[in-house]
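Q: Take this structure, written in structure tokens, and hold onto it; I'll ask about it next.
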Amino acid sequence: MSFDVSEHPHKRFNILMNSWVLVSPHRAKRPWLGQTENHDDDSKNKLKYDPKCYLCPGNKRVTGDVNADYKEPYIFDNDFPAVLSEQPSNTPSDLFELVSEQSKNSLDLFKIKSVRGRCQVICYSPDHSLTFADLSRKEIFSVIKSWLTVYINLSPPLNSRPENNNINYIQIFENKGSEMGCSNPHPHGQVWALESVSQKLSTEINSMKEYAKEKSPHSCMLCDYVLAETETKTRSLNSSENSSANRIVLENDTFVALVPFWAVWPFETMVLPKSHISSLFDLIKSSPGIDINSNHQDLIKNVCSWFDSLDPASVSANQSLGLKQVGDLADILSGICKIYDKLFNCSFPYSMGIHQSPVLHHKDAEFCHLHFHFYPPLLRSATVKKFLVGYEMMGEEQRDLTPEQAAQRLRDLI
């Protein structure tokens, strides 16, 4: 008997997180008598405006603030932020409220650090009934514009000293569905901006820096990874022997959506540009009127003017690189969300996050490669989801369905 990657247990290495993932394909056949989700998909019956929704236009939030009567993406400070912009820094003596001052090892064993930052909410649309999958190309352009303006606005000014900044890391993300802890179905995302870079993104950046150090100063791990995946797709399509090796779900001229070789979640995907783009800003940095060295107010004004001058319906061969890349990104994001909804014929839950240069002028920006992570929990149906428990909490992450099988399932829905 020879080893079969689609049948036999094996481990795969996550090049970004420098960790291993256990793949157990044979477990996909086990019967399921465990917990099921109460997934009542009432999206067809949802109101376009919900008077009880604190994210709908014109409604009052719990703080008493009233939302604007917005027509495009609406950004405001989170009423219940995870971090605060104004708070005192901690001192060593603060630790003694939690541990005995007499312990000689207390400063080595117990550590505490104050955290400052800002949290914001981005309402994608005034229409309460929509999800990202329902947004038009024009509406997705507006969402991308809002991501970019928030990223610029929260980034520290050019040439500022990092130790003097309250924000050195900006995380844009979206939780969709109650299965992912989303507290409101109105289409929206969040932005958390903190003083220090998160552990996960730091690990990714360090992995990419080590790769460049080992290969060459101008090597990018994710550029090489995308190229390897597209070459694998080509070989897969041209060879009956490797026909199941293709992990790419969607592809256009400048972006790909794929199931990572090391995916943990059953139908996890990544969206990546084919060229080396460090942040959302790099999508349009070569466009007329855009100057990264401008002050933030002027830069945001110029970015908004650039977006407002676009025709999202344009697919001309003569379109600018910026418009081409933004359009391709919008199409890929829309496409993968629509495929997700088709998979189990439901409004598919997920957590989505953007990894890019931590801030606009970050010292490690050159090593960063913009990418989107989609982590959906559903495993077998709209009511059965994956749980990270047991061995995965004590040992390492594990999956049943192989990434290649998951990619094929998603491609079959195109």
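Yeah, the Cβs are placed from backbone N, Cα and C, and that goes for glycine too.
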Q: Same Zn(2+) site as Cys53, Cys56, His186 according to TrEMBL: which of His8, His10, His128, His218?
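A: Between His8, His10, His128, His218, TrEMBL records just one in the Zn(2+) site with Cys53, Cys56, His186, namely His128.
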Q: Glu204, His371, His373 bind Fe cation in TrEMBL, but which of His188, His276, His355 does that record place at the same site?
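A: TrEMBL lists Glu204, His371, His373 binding Fe cation, and from His188, His276, His355 it also lists His355.
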Q: Counting Cβ atoms within 10 Å across all protein chains shown, which of the recorded positions His186, His188 comes out on top?
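A: When each Cβ's neighbours within 10 Å are tallied, His186 leads.
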Q: Helix, strand or coil by DSSP: which one applies to Arg27 (UDP-alpha-D-glucose binding site)?
A: helix
Q: How long is the line from the C-alpha of His186 (Zn(2+) binding site) to the C-alpha of Asp79 (UDP-alpha-D-glucose binding site), rounded to the nearest angstrom?
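A: Here the two Cα atoms lie 16 Å apart.
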Q: Look up Cys182 (UDP-alpha-D-glucose binding site) in the DSSP assignment and reduce it to helix, strand or coil.
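A: It is coil.
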Q: Have a look at the binding-site residues (Glu204, Glu392) and report the one with the fewest Cβ neighbours inside 10 Å.
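A: Output over binding-site residues Glu204, Glu392: least Cβ neighbours within 10 Å is Glu392.
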Q: On a C-alpha basis, identify the one among Arg27, Asp79, His371 that is nearest to His188 (active site, tele-UMP-histidine intermediate); the candidates are the binding-site residues.
A: Asp79
